[in-house]
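So that you can see what the record holds, here are the features copied from Swiss-Prot:
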COILED    232-270  coiled coil
COILED    350-397  coiled coil
MOD_RES   112  phosphoserine
MOD_RES   113  phosphoserine
MOD_RES   174  N6-acetyllysine
MOD_RES   175  phosphoserine
MOD_RES   340  phosphoserine
MOD_RES   342  phosphoserine
MOD_RES   403  N6-acetyllysine
REGION    127-162  region 'Disordered'
TOPO_DOM  34-45  topological domain 'Mitochondrial matrix'
TOPO_DOM  66-609  topological domain 'Mitochondrial intermembrane'
TRANSIT   1-33  transit peptide
TRANSMEM  46-65  transmembrane segment
């Protein structure tokens, strides 16, 4: 494989020097330079050597491109149509997102109860190498470059690949650093909230113990103590709720960070393994610190639960004892326990005292029996608790051992990946050195071949250029004539359309004038009809002179309208006519009288007689 890669280096270096603008065709130049005496043998040897050289170079290039994706990317960028060849032989290239990244030195993130996250100043950045690779921009007809320029490009192409790889690695490191900073900030806040919850739980337990121990205090002091206990309980609930919310948020951030690390692993970026390993170590430290502080909160809550149960049992025992005393001495005023002995001397009788003493003896015997039974029971409970504790400690020990083994395996894997990366870099450097040497050894031969190709391509280019120019000139004249004809046709069409628009506008104006006159006539007739319908109380008749005059004015050029208005009697114009309302009212009056007349029979009798 190394020999094939060395052979491929010549082709890749030569083609990368010329930016992939020319194709190597060694047979024709060799035939032109061959002498007449040994043309057959020399041509066959050169043809065979050329085919072997080109085939070995292409095969070695494909094999090395399959092993190194960055080398494949550089060849695809430098040599045209090489991406299609790689796609047919090797398939599609793995996709890598070129994000800006800054390489950082890996370091463990130590988070204590007040965790501190390493900032940018604590994570020194590696200096990125500046890329000085010139962008190839030679055209098809440019002369072949000199040997010195080829060597320069051969030297700078690896630097360009190195700079691209460093750029991608730096972007990955920057993204991991930002995600770690955010996760560490949330974890630190969560740890602070958990510690505050522990302090609140301990404060509540302490105040509750104090209030239960000082049972002899009565009055306002006792009330103040219980108010303090209630306040501590509220603070405890608030702190525990805040700690739970912060813990959920921290778990979400840790899951996001874990997803980011897994995505970075899947991308398989060269040189990114140290940063991914450092991020995993810091994430593991955060998880361990968070678990420890959560265990502290759980332990504090367990202790507080025991104190609360103890308080409930004490309160229940006091209530039971008070009920027993009330049943023994029902005549004594409640609350006698707070009285002094001198006050109780005249209150309790001999029978009451004997009853209290007898009850105290029975109670002591009962408590002694319960104490003995409790001791035996607790002994069994202690044995069971010890067994459970041993099992829990064994499980915790197994879990701790598993975590330690996992951490150790991750460290070994990281070290192995680091060594593999170093060996890979050394192999790449050696391969690039061999490629440069092979390219320098065959530069003279390539220069001669490329000069011949340059002359051929220049001749072909000039011939194609003259043909294309003549075709373009003919095409230009044809398109100019077509545009002139189309322009003339468009002008004629627009002129005809303009004439049609003018005629349509004139006819529309005449129609609008006729419609306006008809509308005025209609309005005048409607006014006349309205005046004939309505009337006022002072004037039963309505003169029609003004309405008729309006009709005459609006239709002065209409003979039919003038004849119709002239036929109206002058009395109607001056005196007026009865309106429709007046006639309707008179008709109703006449109808009423006619109805009354109809009620008179043949004998002239009616309801009025």
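In case you wondered, yes, glycine gets a Cβ from its N, Cα and C as well.
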Distance [Cα-Cα, Å, rounded] between residue 174 (N6-acetyllysine) and residue 403 (N6-acetyllysine): 28
Long-range Cβ neighbours of the coiled coil (232-270) (under 8 Å; 6 or more residues past either end): 70, 94, 96-97, 165, 168-169, 172, 175-176, 179-180, 182-183, 186-187, 189-190, 193-194, 196-197, 199-201, 203-204, 207-208, 276, 279-280, 283, 286-287, 290, 294, 297, 301, 304, 421, 424
Entry from the modified residues list 174, 403 having the most other CB atoms no farther than 10 A: 174
